[in-house]
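Chemist: The domain 'Globin' annotation in Swiss-Prot covers 3-148 and is backed by sequence analysis. According to Swiss-Prot, the heme b binding site annotation covers HIS64, HIS93.
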Amino acid sequence: MVDWTDAERSAIVGLWGKISVDEIGPQALARLLIVSPWTQRHFSTFGNLSTPAAIMGNPAVAKHGKTVMHGLDRAVQNLDDIKNTYAALSVMHSEKLHVDPDNFRLLADCITVCVAAKLGPAVFNADTQEAFQKFLAVVVSALGRQYH
């Protein structure tokens, strides 16, 4: 279990309320696929991923990006039990999909970049970033749990 301070909880929940998951999700996943093209191998059923423009306009990428962000909403709602919240997803990504667990960290980085770009430094200040990155690190750890 993670020890969250009241300030961290407040920052995470407050920030989450300002995030448009249907906007950030597609942007973040598209950014991952563009910046880290080797991750595309896990999305072979998504159709055309040949160029940045194709990725940005790909409806399957957008849909899965939204799914990822809605999954993060579950973690925000279960801050005290993120590990168990993601137990089944960890098994699926490890045993069925064979996703390199480092890809979760790469996607978390892309989510952070997209949130920061959208909300700006007045909202996404250093304290908020610290709490949000801690939150994402806990999620990444929970998703990678099955790999250990």
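Quick reminder: no glycine exception, Cβ is built from N, Cα and C everywhere.
Looking at the shown structure, can you explain where the listed features end up?
Modeler: With DSSP classes pooled into helix, strand and coil, the tally for the domain 'Globin' (3-148) is 122 helix, 0 strand, 24 coil.
Neighbour count (other Cβ atoms within 10 Å of the Cβ, all protein chains): 16 for HIS64 (heme b binding site).
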